[in-house]
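Listed in TrEMBL for this protein:
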- A:73-288: domain 'ABC transmembrane type-1' (DOMAIN)
- A:12-38: transmembrane segment (TRANSMEM)
- A:77-100: transmembrane segment (TRANSMEM)
- A:112-133: transmembrane segment (TRANSMEM)
- A:160-184: transmembrane segment (TRANSMEM)
- A:213-233: transmembrane segment (TRANSMEM)
- A:270-290: transmembrane segment (TRANSMEM)
Amino acid sequence: MTVARGHARRGAAIAFLSPAMAVIVLFVAVPIALTFWISLHDWSMYTPLTQMTWRGLGNYADLLHSDDFLNALGNTLVYVVLVLVTTVPLALALGMLLYFPKTAGKAAARAALFSTYVIPTVAIAIVWGALYAPDYGPISQALGALGIDSPAWLSDPETALLSLVIFHVWQMTGYYTILVIAGLTQIPDDVYEAARIDGAGFWRQTFSVTLPLLRRTTTFIVLIAAINAIQVFDPVYILTQGGPAESTTVLSYAIQRAAFQNGMAGQASAMAFSLLLVLVAVAGVVLAAMRRRTAAEGRS
Amino acid sequence: MRRTARAATALALGLVILVPLFPLYWMVISALKGPEELQKAPPTWFPSHVTFSAFGEVFQAVPFGGAFANSVLIAGVSTLSVLVTSVMAGFVFAKYRFRGRDLIFWSVVATMFLPPIVTLVPLYWLVSTMGLADSYLGVMLPWLANAFGIFLMRQFIADVPDELIEAARLDGASEGRIVWQIVTPLLRPALVSLAIFAFVFYWNNFLWPLSILQSDDKFPVVLALSRLLSYSTSVQYQNVVMAGALIASVPTIVVFLLAQRVFVQSISRTGVKG
């Protein structure tokens, strides 16, 4: 390891670090503190910060009684849970499908899967709006051909949030699948050889070798997928604007709307800071669970 | 038994290719349909009459060409800046020892997971207080460096042998020279994948430009696209909207196809070391 000595190297370290650190401190760290500070005030966003009026924890107390906030929180929770229970198992299955069998077309499949991740969300959400369209859309037509009555998807409060979940799963599963494949490359071949010698078949190998050895990767994917789902904004803005009947108003959409359309920056900040606390708690629980498991494995 | 398993695998692979690509297909064929065909219900799965008129109309409906140029500018400058700042910071975190280094590094990494919505309100206030609301600089400034780039570069620079750096120092090379002429050339695959990640991220970024920009002559292409959508919700204009969506998507698709292998490799790489 290089040991930095002398003024020249210290000067270099400061010069190299300061551009990145200046941006991160000024535009990430300071705003986190400011979010909390603003959340303790009433503020319209477009007046100077000095004209805020102190509310203490009043904004937070209001949130607990606000139907809008509780609705957004509930929608976000449903959205995140539905995304997690579908993307994570799907990514694990697809990762194994695209890693193990020796067949042609795997590279093409990987590329196709990952392509959904690089296309602008705004552009592809617009396309999904057309796919979901009741009369002119291919989904309802295909379901009709199969003799299934197509739901109204985005225009029905019962199915709108689910439609956004399906879009999210379609968009993000490829990315998580690549992460699974990355994890699979870390499992040495001789583990499988040993399992085969012991007479383990495909399913036995999957559940006794592959999945346990992928636990770190899986935990990471759960965490990333939860964080990505919890902040969904673009498709809501493009496809539903939170409707119909507020059925797709998720937290990030509610925050942006409260601040930029309703001029309630204090309340928006209280929602934003609550979101951050939830996120830190979730990350803490997931990471602690992972550490405890690793520790338990170390002892046995 | 083996044969059914192989057939099932082939079928699954086929679906894994078809399902991700179908919306792209629908985007393309909808952009090529004329207004009459778009109003047909049920829809046609292949345009009976191909017309390219929508690709001209999209530039008249909104200032789409200017928006495209804006995106090139915003994503290009931000990407370059992220490359430079990440290499420098990554070098310090990988190769210098000082008190608090790891604490600072992991604090920076933690910000990688911060959803931008959490800090949107104060960020808007900060940037507009600096007098940069509704400006190109205002769109770019908060994103000129990011934790992901620093993390990625540190992981790769850590693999550069210390002996190489020490030897350069003994030869009297300055620290700047070591970073740019010795370390950076060794990072080429990592730099390519960071450049793609950053470019795709900045090209697609929607929430921040939506919040900080007002004048449509400064809109990036995704913002222009969302305006276009709100002007033309009727199904007969769908070809224009789809043409816009297609044009907005082309740069990220091209970049992805050009560098797909490096891209996937570096995801594996960060997965290993992270």
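Heads up, the Cβ atoms here are built off N, Cα and C, so glycines get one too.
TrEMBL: automatically predicted annotations, no manual curation.
Against the transmembrane segment (A:160-184), stretch A:77-100 has more CB pairs under 8 A than any other of A:12-38, A:77-100, A:112-133, A:213-233. The stretch in A:12-38, A:112-133, A:213-233 that contributes the largest number of Cβ pairs under 8 Å to the transmembrane segment (A:77-100) is A:213-233. A Cβ distance under 8 Å defines the sequence-distant neighbours of the transmembrane segment (A:112-133), meaning residues of its chain 6+ beyond its ends; these are 94, 98, 139-140, 153-154, 163, 167, 170-175, 177-178, 234-235, 238-239.
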